[in-house]
Each structure stands twice: as C-alpha cells, then as structure tokens.
Amino acid sequence: MEYVIEMLNITKKFGNFRANDNITLQLEKGEIHALLGENGAGKSTLMNVLFGLYQPEEGEIRVNGKKVNVTNPNVANDLGIGMVHQHFMLVENLTVTENIILGNEPKKMGVVNIKKAAKDIEEISKLYGLNVDPYAKIEDISVGMQQRVEILKTLYRGADILIFDEPTASLTPQEIHELIAIMKKLITEGKSIILITHKLQEIMDVTDRVTVIRKGQGIGTVITAETNPEELATLMVGRQVTFKTEKIPPNPQGEVLKVENLVVTDNRGIERVKGLNLSVRKGEIVGLAGIDGNGQSELIEAITGLRKTKSGHISINDQNITGMKPRKITEAGLGHIPQDRHKHGLVLEFSVGYNAALQEYYHEPFSKNGVMNYSSISEYAKKIIAEYDVRTQGESEPVRALSGGNQQKLIIGREVSRDPDLLIAALPTRGLDVGAIEFIHKRLIEQRDNGKAVFLISFELDEIMNVSDRIAVIHDGKIVDTVIPAETSEQELGLLMAGHSKSDQASNHIEGNEIGGGHDV
Amino acid sequence: MSFLEVLYFIIPTSIAYAAPLILTAIGGVFSERSGVVNIGLEGLMVMGAFVGIIFNLAYADVFGSWTPWIALLVAMFVSAIFSLMHAVASVSFRADQVVSGVAINMLGIAIALFSVKMMFDKGQTDFIQHKIPRVNIPILQDLPIIGPMFFKSVYGTSVLAITVAIIAWFVIYKTPFGLRLRSVGEHPMAADTMGINVTKVRYTAVIISGGLAGIGGAIYSQTMTGDFGHATINGQGFMALAAMIFGKWHPIGAMGAALFFGFAQTLAISAGSIDIDFIQKIPTVYFHILPYALTILALAGFIGKANAPKANGQPYIKGSR
Amino acid sequence: MSNRLINVLVPVVSIILGLLVGALVMLFSGYDPVQGYIALWNGIFGDSYAIGETIRQISPYILAGLAVAFAFRTGLFNIGVEGQLMVGWFAAAYVGYAFELPMYIHLPFALLAAALAGAFWGLIPGLLKATLRVHEVIVTIMMNYIALHVVNALIKTVSDGGFKTEKIQPTASLRSEFLSNLTDYSTLHYGIFVALAMVIVMWFILEKTKTGFELKSVGFNENASQYAGMNVNKNIVLAMLISGAFAGLGGAMEALGTFGNMSSRGGFTGIGFDGIAVALLGANSPLGVIFGASLFGSLKYGANNMPNAANIPLEIVSIVIALIIFFVASGYIIRVGLQRLNKKKEAK
Amino acid sequence: GTDKDKDKNTSSSTGGNESDFSIAMVTDVGGIDDKSFNQSAWEGIKKFGEDNGLAEGDGGYAYLQSKDDSDYTPNLNALTRRDFNLIFGVGFLMEDAIGTIASQQPDTHYAIIDGVVEQDNVASILFKEQEGAFLAGVAAALMTKEDKIGFIGGMEIPVIERFEAGFVAGVAAVKPDIKVDVKYTGSFDKAELGKAAAGRMYSSGIDIIFHAAGGTGNGVFAEAKERKEADKNANVWVIGVDSDQYDEGQVGDENITLTSMLKRVDVAVQDISKLAQEGKFPGGETKVYGLHDDGVALADSRGAIPQDVLDQIEEYKKKIADGEIEVPETTK
Ligand SMILES: Nc1ncnc2c1ncn2[C@@H]1O[C@H](COP(=O)(O)OP(=O)(O)OP(=O)(O)O)[C@@H](O)[C@H]1O
Ligand SMILES: Nc1ncnc2c1ncn2[C@@H]1O[C@H](COP(=O)(O)OP(=O)(O)OP(=O)(O)O)[C@@H](O)[C@H]1O
Ligand SMILES: [Mg+2]
Ligand SMILES: [Mg+2]
C-alpha cells in the first residue's frame, strides 16, 4: 500500500513537555484520515510539525516514500501539503483574494493582477463548489466563509495533501454539511486529507481510517468501517463515555428571564432582533436553535447589557434590567459563558487564578476596601481547578498556555460557581473533545436540577436536542416557534430555522434540499 | 493684506511647511505597516538634514544648481543605512522598538553634532549657497486664483512630497510588496505560513522609512535653515509621527494630516498680525498654541478611531501564539 | 543558570557591550577611552558631591519613568510626560512662593499642586481617548507644545513681565542643609525619597489594589474586561490621571528641589522623553524603573565630567550614552543566547 | 583630531602662564559657538588669555558647556574646584546657580552676564540692548523704501523686549507714522516659523526686518535670500543680531544683511577680567554696558548703508551716549 505521507515516530517537545511522544501516522493516497484525541493531546502540534511550523526532536517524515525535511511552511507548500489551521491564518482587513494569493501573487507589470487572481479563484471555487465573494473583506464574512478561504488558499497553491485542524468546530450544521461534501469532492479530485475533529459522528460519516492519540502518545490506527463512536471515545479518553446524557424530567417553576418585544440593532444600525419574546423558567434548560447570524449574538449582548436595546423589556426575576450596566445585571443573578472565549471570556495574559476571579474580584473576600486579597483568590481558583478538572500547571500559570478545552472548563467553572439564577451558555462545547463535552453537559443539567434557569445557545442540533428541555427556534430576529425535544426532529428544527412555520410542513421535501445552501443568502 | 493675498500666502507656505513632514510621515507608514514602531523618525530626519547640508556645502561647485537635489539622494541613502540599526535591533534582536527608537534619536543628533564639530570646529555648519529654489510653473501660474495659490514660486520638493505620497499609496495598495507589507504588519504568522519572509519585509520597510525620513530632513535643512546645528531638527520627527497616526497609517491620510499641520501653523503666524483691533488684543500665547489646539479639535471631530496595524510593535517569534 | 541570574546578567552584559562600542568610538575619534571612562566614573561616584548630584538627577527620571510605565501597563502610550512635567513644575513653583504656610502644610500642598496639574494635563488626552477614541499619542504630543507655551505665558504673567517665578518659600522647599552638607554642597534634596515613595505607590496600586487589577485587565484585553463588568473608559481616564500625576511630581522635583523656581523655557526638558526609555528599560515595572532611571541619570550627569576632566566633547559622550541605551534595549538577544545555553545544558 | 587633543592635554596639565590669574566661563545650553553671546563671551575670554599669555586649561582659561539648566550649578562648581580666580556665567538663566555657588564659595570671584546677582563676590553685567536696537531702528527707518518695517522676536522675555522697545523707538524717532509690524514666534529654534513670519511680512510689502530670535532668525534670512535669488532686485533686507550676521546674508554676490546689532559681550568680559586682575573687581556692583562704552553697536554695513545715512545714525548715537535721548526698555 503506498502512503503519500508517513510520519514515523515523531517526538516534539516544548521545553521538557512532550507534546508528541513517538507518534506514527500514515496517510494513504485518496483517503480521508481522522486524527482523534483529547484537547491538548497533541494533534495540532503533530500537524504543525508536518506543515513545517515546528521542528520535531525525533522521527522522520516521508512524502511519497521519499524522506523529506520540512524546515518551514514553504517546503510544505512545495511538497503539496496544505493546512487549514485551527485558528485561521487570515489577515482580517484584507480581501478574500488578497489572502489567497498572498505570497505568490499574479503580476502584471509589477502590479498585483487582482482581476486575474479573482477569476482563477472563482474557477477553483466552482470546481470544488466553494462559493465565496473574492472581493469581500475577511472581517465581514462568516466563519464558514473564512474556512472556505482557508481551503482555497491550499488549493490555489495546488496542494494535494490537505490537513484540516478542527474545521467543523466553529461551523453551523449546514456549513458542516457543505464542508463534508467539499471534502468528498476533493477526494474524487485525487487529494488526500487528514481531518482533526472531536465529532465522532463526522468521523464515522466521512473518514476511511482513524489514528487515535492520547496525551501525546499514539494509541493506534483503526479502520472506520470496523469501529463505532463508543469504541473511538473509549480509545481516546481511556474510559467509557456516555453520549446521551440521561436526566430526570424537569419541573419548571416561575420565570427567571423574561424578554418582551425586544428590538436590537447591530453596530451598523441594522435591526437584528426584531420584537423578540422569550422566557426561561427556574429549573429548565431552554435551547436556542438557529442559523448563525439570525440575531443570537445581539440577543445575548442585549441581555448581558453589552449592547443597547432599541426598544422592549428584559427582566431577571421580575427585576427590569433593560439598559443596566453589565455588572448590575451580573449582580441581578446572571452568569454568562461567552461565545468567543479568547476575546471575551479570558484575559489571556492573566493567570488562571486572576481569570477565575474576573467576575468577583471587586467584592469580599477577594478584595476589601479597594485592596485585593490574592491569597483568597488562589484558594478560590484551586477549588475551581479541582472541581472542574482544569488541566494546568497551577493557578499561577498564564491562561494562554492552557488548551482551549481547559480554558473553556475554567470559564464554566467560574460562571457556574457563582451559582447564578440564570446561566447563559453560548456555544459552551465548541472545539472540545467528547470527554469535556460530556462533563460540561452534566454541569448544565446539574444547574437546572438545582432549580436554576439555563439558556443554551448552540449550532449543534444534537446538543440542543440532548440538553434542552424546551427549544426556542430563532429566525430573522424573532422566535418563530418553541418545541419540546421529544416531540420534534432535527428535520423539523431545520425547517423552522430556515424560517418555515409549522403550517407549510407539507412541502418539506423541496425545502429539505434548500436547507443545504440556503443559509448564506 | 486682502483676504486673497492672505490665501496666496497661507496656501503655499502651508505646503512648504508640510513637505518634510509628508515624506517622514510616509516613512513611518511603511515601517509601522510592517509592524515596526518607529519613533526614531526624529533621529533619522536629523541625519538627513545633516547629510543634506554637508553634501551641499562640499559639492556645490561640482554640481552647481543640481546640488540640493543630489544632496536629497545622498541624505536618503545615509539615513537608510542609519535606520538599519533600528531594523537590526527591533527585528533581529527583538529589542523594544520604542527604546530602540529613542536610542536612534539620541544617536542621530549626537553623531551629527560631533561630525559638525570635527569638520567645522564650531557648533553649526556654514550656510549653503544652493538652497532648494522656488520655481514658477509656466502657464499654470497664470491661472486665476489657483495660479498664485499653487503654481507661483513653489518648491520642487513640495511637488516631490506629494508625488511620493501617491507612489507610496500605489506601492502599498497595488503591488505584491505592499500586500506582503500589510499582511506582515497585521498577522505575521499568517504571512509566514504563506511563505513570506517576515524578517526581510520588515527590514525593507524600516530602511524605506529611513530613506524617506532622510529626504524629509534634507528638505527641511535646505529650505528652512540653510545650515545645520543642534536645533535644526527639533520635534519635526514627532510631528511626523503624529501625522502618520492622524492619517490612520495611510500615505494619503498622512499627507493630509501634514498639510493640516502646515496650514494650522501658517494660520497662527498670519492671524496674529491681521490689523483688527480685537485680534491685536489677543495675547500671543493663544496664537502659539493655536496649531496644536486645532489639531486636537480636528482629531476630536474625526469619527472612527485610527486602528494601528495589529502586530505593530511586536517582534515576530516563530511557533509562539 | 537560574532565571534570576539571567535577569541580572542581561543588563550587565548589555551595558558592558555599550561601553565597549563607546570606547571604540572614542578611540577612532582620537580620545582616550580609559581616561574618558575614569572621568565618567568619577563624574558619577567620584566624590560625595558627584554622588549627591547623580542622585538628584535620578529623582525626576524615576517619576517620569513611572508616569510612562504606568500608562503602558494600561495599554496607553503617554508621550505627554514632558508637558505634564512642565505644568507640574510651574504649579509647584507657584504654590511654593505664593503662599505662606507652615512647612508641614506648605510642602505637601506644593507637591499636591504639581501632581494635580500633571494629572489635569493627562486627563485631557485620557478623556478624548475614552469618549472619542482619539489616539493618545497625537494628543499628548500636542499637549506638550501647548504646555510649553502656556507655562511660559504663565511665568510672564505671575512675574509681571519677567522670565522666571520668584524663589519658593523655604517652607515649600525639598532642599536640605543636611543632605547638602553630607554631599559637600551638592543640590541633593529630599525629592529622591518622594520618588522612591511613588515607586512603592505604583507597585501598590498595580499589584495590591482593585483599581490596579482593573487597570491591568483593561490594558491586556478591553473586551474581556468589559464583559467582566469593568468600566473600560473610566479606567483609561484614571490611568492617564495617575500617569500625569507622577509626571507632575517629576516637575515638583525641579521646582521644589533643584531650582527652587521656574524660568521661561526655550524648549522641552527632555526628561519626559527620556522617561519613555527609562520605563521600557525597566520593563514598565516599578523596580525596573529605578534601574532605568539610575542608568539614565548617572550617565547623563556623570557624562558632564568627561569634558571637564578628560577634554572629551559632550557630543561623543552623548554617542556613548545612546549606544549603551541601544544595547540595553537589545538585551533580549543576549537573554535568548543565555537561555539557549541553558536549554542545551538541561537537555544533556 | 588626535593632535588637537594632545596639545589640549599638555596645555591643561602644565600651566606655564606668565600671570597667575586664571578665568573660565560656563555656557548656557547654546555652547561656545552659538554665534551669539556664548561665543562672544568665549572670544573675550580667549582674547584676554592671549593678551596675558595664558594657556587654555587649568591655571589659564577654560569653559564648560551645559546640556541643560540643571548642569549650571555642577559646572560652576567644577570650575571653582579647578581654582579659577574669576568665573563667568553666561545668560540670565544662570542667576540662581551663581547665587548659590557664590554664597558657598566666598573666596572665588564670579560674574553673571545678562543677569543680576547681588553678592559681594559677584559682578553683574547688563547690556542696554535697547540702545543698539534704537540705532537699528533709525537705520531701518532711513533705509526703508516702502515705509514698512518688521520685527521678529523669539520668546517674549525682557531681554528680547528691550530689543523691540529700542527698535520701535528708533523707527519712531525718524518716521513717527511707521507702525512696526512686531511678531514673536515663541521660540529661538524654529526656523520654519521665522521663515513663515518673514514671508508674511515681505509679502505684505515690508522691506526691512530686524530679528532677535536666535535660530528662528535663520528662517528670516532663508526667506529673504530666496526672494533675492528669485529676483535680483527684490528689495528685502534683514538686520542681524548679537554678532555680525553678514555671512548669513550672502546670496551669490549679493547680500541681504543690512547691518547687525552687536552685543559686545567680549568687551564686557575683557573689561571685568582686567579689573579683577588689577584687584579692582567690581563685586556686588552691576555694570551696564551701552553705546557709551561700546557694549552695543551696529556692525559694518559693508556699503549697504550710504554715508549720509551713517552720519545721521552717528548723530543719534552721540545723543544717546550723552544721555540726550533716553531709550525706553519696554514698549509699554
Ligand atoms: N507553542 C507551544 N508552547 C508550549 N506548549 C505547547 C505549544 N503548543 C502546544 N503545546 C502543548 O502541547 C500540548 C498539545 O497541544 P496541541 O495543540 O497539539 O493540542 P491539540 O491536540 O491540538 O488540542 P485541541 O484538540 O484542543 O486542539 C498542549 O497541551 C500544550 O500544552
Ligand atoms: N505560547 C504557548 N505557550 C504554551 N502553550 C501554548 C502556547 N500556544 C499554544 N499553546 C498550547 O497549544 C495547544 C494548542 O493550542 P490551541 O489554541 O490549538 O488549543 P485548542 O484547545 O485547540 O484551542 P481552541 O480550543 O481555541 O482551538 C493548547 O494546549 C495551548 O495551550
Ligand atoms: Mg489543536
Ligand atoms: Mg480545540
């Protein structure tokens, strides 16, 4: 069997820490090969080694049987290796085209020939069905779009070995749907793919083989057809993992969050939330299902006081919090797990301890008449680290050095420990491994069982279905319907999210296809 | 003076004042667009002003009326080399770019003055005989109103400055180098994964800034003072820095800002002496601070904040995130 | 080699390199580096007088450095220390002579006045940044020039038409017979203790207080701080206020200590700009600022002895100083080198 | 300059001076070659040294330059410790420093130029700038063709205002109806402002500008020269200040410097030094140098001013010297 890529006994150290410890990975021509492992297991590191960003201490890399020395990304590009990084490598204020051609720009008399570039890009995107606007600025396009740009970057350079590092982590179901189609297309075009993902179902659906690593060590490679999600989970975590988190039936009490005819505009002054009504009660988890960009972000920011409301009312425990300062709202009983943990959730330069106290630092016991009490803060941090199993050197380690998975656990620990009456969790499991997801879901349900209200925003329908007691579907800034998980299907949700009320269920077949690409319009 | 006469005076004077700032500020744009903070502009200007005068004095009889122009080239060259120090420190040695800039400022004036001492055995050079002349642009100068405003007795260097601004815009926004420059200043790691040599781009950018600041300084000394001494360049570098930010790191913007400074300064100079009683009664200090106050007001009036290039000031270290 | 050892080694090696290159410069321009450096050394530590003057020179640098450093820690670049220092200088000088009060009120009052004046000068860019997002670098640069002209005008007014303010009352003076005699008539004054006290103040604010926690947080990540319910704008303004106050006190050093009054100025003092280097050489940490200020202060003052004792022109001296700063700034590469050595050792 | 500093060293080490009287000076931030009073003072010192066979260095004559106001005291102190008999401080900014040192070192003699320090071991030296400026004003008024005259000052400090006052008075004495266009640029080192101000004045028809603005004055000359270059018979003139600024005015074979108002610090320095040497040191006194004792004067105009005008100027000079005309120190 011929391998296009062979990574043999790779060891990569950071200081004395072995991020990769003698890992072997072999990629067959024309296969989609999954690389599976917990957060911080060493997947990105291994791929960065292959892409020439890191130099391994030991082991060798072979491309088409030939030993190669990938000293930097240029070499990788020349070898036809392209990588879609976990954290996009895109220059925000440049256009799609500029990002793609960067580094080998088509020229006409010394001037960048944008027209030609754009044309070439459009051709490639047609060929693989990646539709993008070549003249759009990165900062203005959706995450899904940005991902396509990343893919186009590799294709434009004629890569035939593609590495996808957690491509689906930040995509909506529809976008994932398309990405999978794209990957299949790539394979038929003779490319080979390494796919990193934490979503076992995806692995089952698209991959041919799976290589599992745990804590930097290779566990082995299995053929997808001969395995199942449970086995994979066990392999990577090293213990049994339950998927369908079982929970006792809810007994909702009085309303905690009440939103009435809320209207919110975005930075450009365009209405994103258009007279929205919503309520979340004690002891229930309400899931907000919807396609990205239908007003979810604006809704959350309005509730948390980070964005002015244009009209309408928001109240927590019958206390009107409309237009209040964020801190007042937090004190009114709100906890918030923000969508973008690096931008809004954490101060990366601060230690784990400081971040643990980021919401509470200003009152006792953490500070008294303006003077901080750091010892009590580290006590508190230690507690959270232990309770929420945050993997870190200690509470004084900078958060930057934690894996995103653990960064996420820290935020959840921080917010849940405050025991808020209302917990808003926005995409709480994005980018996390199944173990971590299971853990976080348990916590959310615990909150609800303790009679708290939980408001869960997620693009993952199965997460919504699994965890929520009620599902509110948002479309175009309004709640189009509220359904009970047991009484609905992903199908139906999909339709509702696409803006169809129950009435026109009849014609769901045609709609069915529409859902696919429908969301970019 | 009649209102028109005032304009005929203010406009050309503003442009003349702005020319050195424009070039220097654009130098700053190049450097900072690549992610290297450059508060060493002052020192680079000093070097240019000094070299310009020295060359002019030394070769006046060789090159005659061409001397000041060739002096600009030489000044550009020398300052560019001088700016290498800043490049090495802030790109290769990962020095704090601001401190390195401060050092450049100290070093520039020190070297220049020391050389002057050595060469002339006094604190300032002799006076150059070939200053940069003012010319009347044929035909255009006869146009009503704008003729005397823009085309009568203008410095060739003012034209040069504006041309350079346009070229800079073209280079930064139309050429491959410009594209790479911008990407390196925003997201060096992304650029790196695209096979761009971050170090090389940054070196080039800093050297360009050195060259342009050099020309700026040489223009100043060859139009305003005619000699070089300890006070020839004092603060213009920082005004250029301000112009760069005011212009939102955009060459045309920087030019606009520099012209605005020039206008404000000239306005202050003329305003004080308009023969209207109540203006005469205003204490002069208000005219002294007018240009700076105007600038602040103008900024406050500008909506939308200026965003520095994201990676500005951060040395690029492979493999760290 | 422990990290602490490295931290000590880096500046030392850098300074030595700077001195070496400086020596070459002197050699090539025909002066005797040994003589020169002996003169420099004596200029700094030669006798009690020199030491006194050196310390006197360091005090304002410490405060200027603190001002810049404090702003940096909150993510603001305050190039306006120069101007804030000058208004502080004037305020202290004015209060110093215009009032007749017992020392224990007068001196603190004068210092307070300086701090407030500086704070006010910092407040303006702070407010503009917070409310209109105007870039603080431009505003502070402009405020420097405004300060220069305004202060000169004020001096003219209060001295009706003169060029300098009256001498301050002894009750407002930082000068001390004791220190002066101790250092054989040097102008050393109690300002150094004010400066050191402020070092502690800055350390306390940043490392111990709630405000400090917020300021640092905002400096690192405005968004997250806002999510955490902090008032970002308030903190920006506050940071500029405090920074300005430090700078103003720097001016008080000159008004109440070194000069005892203020004269019209043809240009900037330069202390404010040097403060930028001082702060960054000290990694914007309070203790680091002491290091940076001592380096700057001693070089700047001691250098005067090189023309005096070794006939070396001031210009060369400035070149040498600049080179030292340059190498200290580039200390990182040295650090990297030392750490590489380290890693290798550990590996084996 | 290896050789240069060799002889420096030798001279500084071995005195070899005929007289045992030594003098030194501390410059302000300008330095001994600022083409202004620091330079003039240093020339005076050197002259005195040469006349008395002194060598540069300890026991002879020497100077120290100040980088900053805070260097005055240390520099004065350093020279005192090097046992110079008489030490000059140049510039009004040094008043306080001299005051301090003088009280600490009663045995050394000090002299302050442009300032007053009332102490027994300090001689204060002032100049009647207004008298020289008055003559400059007379010259301007007699020479102007447009009957329009300008004055460009640096900072608004008493010294400069004396220049203005005298100049305005001089103009008025000849042509009372001329209103002198006065502009203060607020600084001594912003040539671009001097240039702009001069440009404005010349454009408005002014043909003679008197500047008392140090480096800012460079801009005034630059502007005038440009206009002269542009057209040979442009009628633009500058009156220089402090030292003879003829060289600044050279444009090809033309020259736009009408004359310069000299401030003979060198004369004063030599005068005081002589007195001190003869043991008649005017401690505690304030000596004011004016036209009377050639402390101020107009420079040779090299033919720019015709003889008949020079004669009229001479008459005014007499009147002032004899006290017939009392020149005001301030415009108010
Ligand atoms: N640049 C670095 N410096 C130091 N340590 C690093 C660095 N990059 C990675 N590590 C360490 O190596 C470990 C593996 O990192 P890696 O990025 O491979 O995790 P991962 O498998 O990609 O996790 P995730 O699934 O969250 O992406 C991490 O736990 C981290 O501690
Ligand atoms: N400079 C650094 N020093 C130490 N560890 C680092 C550094 N940069 C990255 N790491 C580690 O490398 C690993 C991979 O980083 P990465 O951001 O991919 O983690 P992640 O869990 O994938 O994050 P995300 O969830 O945001 O995708 C993480 O464990 C992170 O802590
Ligand atoms: Mg990863
Ligand atoms: Mg992840």
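Even glycines carry a Cβ here, placed using N, Cα and C.
What TrEMBL records for C:7-28 (among others) is transmembrane segment. Same-chain neighbours of the transmembrane segment (C:7-28): 1, 36-37, 281, 291, 295, 312, 316, 319-320, 323-331, 334-335, 338, counting only residues six or more beyond its ends whose CB sits under 8 Å from a CB of the stretch.
For C:101-124 (among others), the entry in TrEMBL reads transmembrane segment. If one looks beyond the transmembrane segment (C:101-124) by at least 6 residues along the same chain, the residues whose Cβ comes under 8 Å of a Cβ in the stretch are 67, 78, 80, 83-85, 87-92, 94-95, 139, 143, 147, 168-174, 194, 237, 240-252, 255-256.
What TrEMBL lists as transmembrane segment is C:136-155 (among others). Cβ atoms under 8 Å from those of the transmembrane segment (C:136-155) belong to residues 71, 76-80, 82-84, 86-87, 89-90, 94, 121, 124-126, 128-129, 162-165, 240, 262-265, 267-268, 272 of the same chain, restricted to positions at least 6 beyond its ends.
Same-chain neighbours of the transmembrane segment (C:188-206): 52-53, 55-56, 58-60, 62-63, 66, 69-70, 73, 111, 173-176, 179-180, 182, 212, 215-216, 242, 246, 249, 252-253, 256-258, 286-287, 289-290, 293, counting only residues six or more beyond its ends whose CB sits under 8 Å from a CB of the stretch. Per TrEMBL, the feature transmembrane segment maps to C:188-206 (among others).
Residues 11, 15, 58, 60-69, 72-73, 79-85, 144, 195-196, 199-200, 202-203, 206, 247, 250, 324-325, 328-329 of the same chain lie 6+ residues outside the transmembrane segment (C:271-296) yet bring a C-beta within less than 8 angstroms of a C-beta in it. Among the features that TrEMBL reports, transmembrane segment is placed at C:271-296 (among others).
Taken from TrEMBL, the feature transmembrane segment applies to C:316-338 (among others).
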Positions whose Cβ lies under 8 angstroms from the transmembrane segment (C:316-338), at least six residues beyond its ends: 1, 6, 9-11, 13-15, 17-19, 21-22, 25-26, 29, 31, 36, 40, 277, 280-281, 295-296, 299-300, 303, 306-307
